[in-house]
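Novice: The structure's right below; bear with me while I get my questions together.
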Amino acid sequence: AGWPGVMVSLLSLAVLTPAGAASAAALPVVINTWAFRTAAETAWRVLKSGGSELDAVERGCGQCEIDQCDGSVGYGGSPDESGETTLDAMIMDGNTMEVGAVADLRRVKNAIGVARKVIEYTKHTLLVGESASLFAVRMGFPYEDLTTQKSLSLYSEWLNQSCQPNYWKNVVPDSSTSCGPYKRREEVTYKEEKTSSQRSIHNHDTIGMVVIGESGTVASGTSTNGAIHKLPGRVGDSPIAGAGSYADSTAGGAAATGDGDVMMRFLPSYQAVEYMRMGIDPTVACQKVISRIQKYAPKFFGAIVCANTTGSYGAACNKIPGFTQFHFMVSSPLLNQPTEQVVDCI
C-alpha cells in the first residue's frame with residue numbers, strides 16, 4: 001500500500017532534475033526550441049483537446065509565425081539582401097515518414113500550414129520559391145505582404161552599415177567592408193574564415209518542435225524566416241528533413257536551431273534520432289550530435305532538442321561567447337504547465 005506515495009515522491013523529484021540529467025519519462029510530450037511559450041501552450045492545448053500530433057506541430061509552429069517569435073520566425077523579420085522576407089518550413093509524420101516542406105516561400109504567412117498541404121495534396125516533399133507560393137494560393141492561403149516597417153528598417157540600417165555582416169566571400173569589391181554588387185575575383189585565394197558565426201543569440205533562427213503522443217506516435221516540424229541578410233534563394237537547414245527536424249515513431253524525434261548553413265551538412269536531427277534508436281539517452285544523443293559538428297566548426301552557433309518514444313527528452317548546444325546556455329520548452333503530464341528548461345552548452 002505504501003508504493004503509490006513512493007512513486008509520487010520519485011516523480012516529483014524527477015521533475016526537478018536539471019535538463020542535463022536523464023529526464024523523467026511520460027507521454028505525451030511536446031518539446032520546442034527556445035523559450036517560445038505560446039507555441040508550446042498552443043501545441044499542448046491541441047494535443048489535449050484530441051488533435052493529432054501533426055495538428056499540434058502545425059498549430060504550435062504556426063503560433064510562432066503569428067507571434068513573429070524573436071523576429072526570426074514568420075513575416076516581417078530577417079530581410080534578405082534585397083530586403084524581402086521569405087519563409088522556410090517543414091512538417092514530418094513519424095508513422096508514415098512523409099514530409100511536407102516549403103523553402104524560399106514568398107508572400108504567404110503560414111509556411112508550416114502550406115508544408116502540411118504538401119503532404120496532404122501532393123506526392124512531393126519539398127516545394128520552393130514562387131511556385132510554392134502559387135501552390136499555397138491554390139490551397140486557399142491568401143497572398144500577404146511579408147514586409148513590415150520593422151523589416152524595412154532592419155534592411156536600411158544594414159545598407160547604411162556597408163551591408164555588414166553578409167554571407168559573401170572571395171569577391172570584389174571586398175564583402176567585409178562594402179556593399180555589392182559583387183563579382184568573383186579572377187584569382188581566388190581561399191583564406192580561412194576568420195569571422196565566427198554571424199548569427200547571434202538575438203537572431204534565433206527557428207522554432208523546431210517535436211510532439212510525441214500518448215501512443216508514442218512522433219511528429220516534428222520547423223518554421224523560420226532564415227538568416228538575416230541572406231543571399232536571395234538561400235535555404236538553410238529548417239525545411240530539410242533530417243537537418244531541421246526528424247520524426248520516427250519507432251525511435252523518437254529531434255529538431256535543430258542555429259547556424260543552418262553549417263548544421264545542415266551534418267543532418268543533426270536524423271543523427272540524433274539514430275542515436276536514440278540505439279538506446280542512447282536523448283540528452284546524450286543531443287550532445288553527441290553537437291560534438292560531431294564541433295570537430296569541423298568549433299565556433300558554430302547551434303542547439304538541438306531530442307525526445308524518445310518513452311517521453312524522455314533532452315537538449316544540447318555549442319558553447320560560444322554570448323551563448324552558454326540554451327532555453328527550451330517542455331510540456332508533459334509531469335509538469336503542471338508548459339515549462340521553460342535550461343541546459344548548459346558544451
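Glycine too: its Cβ is placed from the backbone N, Cα and C atoms.
Feature list, courtesy of TrEMBL:
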type: ACT_SITE; residues: Thr206; note: active site, nucleophile
type: BINDING; residues: Arg234, Val235, Gly236, Asp237, Thr257, Gly258, Asp259, Gly260; note: substrate binding site
type: SIGNAL; residues: 1-21; note: signal peptide
Novice: Expressed to the nearest Å, what is the distance separating Thr206 (active site, nucleophile) and Gly236 (substrate binding site) at their Cα atoms?
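Specialist: Their Cα atoms are separated by 10 Å.
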Novice: Based on Cβ atoms within 10 Å, give me the single least packed residue among the binding-site residues Asp237, Asp259.
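Specialist: Per-residue Cβ counts within 10 Å for the binding-site residues Asp237, Asp259 bottom out at Asp259.
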Novice: What whole-number value in Å do you get for the largest C-alpha pair distance within Arg234, Val235, Gly236, Asp237, Thr257, Gly258, Asp259, Gly260, the residues recorded as binding substrate?
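Specialist: Answer in Å: the longest Cα-Cα distance is 16.
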Novice: Quick one: of Gly236, Gly258, Gly260, which of the binding-site residues has the smallest count of other CB atoms within 10 A?
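Specialist: Ranked by other Cβ atoms within 10 Å, the binding-site residues Gly236, Gly258, Gly260 bottom out at Gly236.
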Novice: Same chain only, sequence gap of 6 or more: which residues have a CB within under 8 Å of the CB of Arg234 (substrate binding site)?
Specialist: Asp80, Asp104, Tyr167, Gly226, Ala227, Asp261
Novice: List the same-chain residues at least 6 positions away in sequence whose Cβ sits under 8 Å from the Cβ of Val235 (substrate binding site), in sequence order, or say none.
Specialist: Asp88, Ala103, Asp104, Val128, Gly226
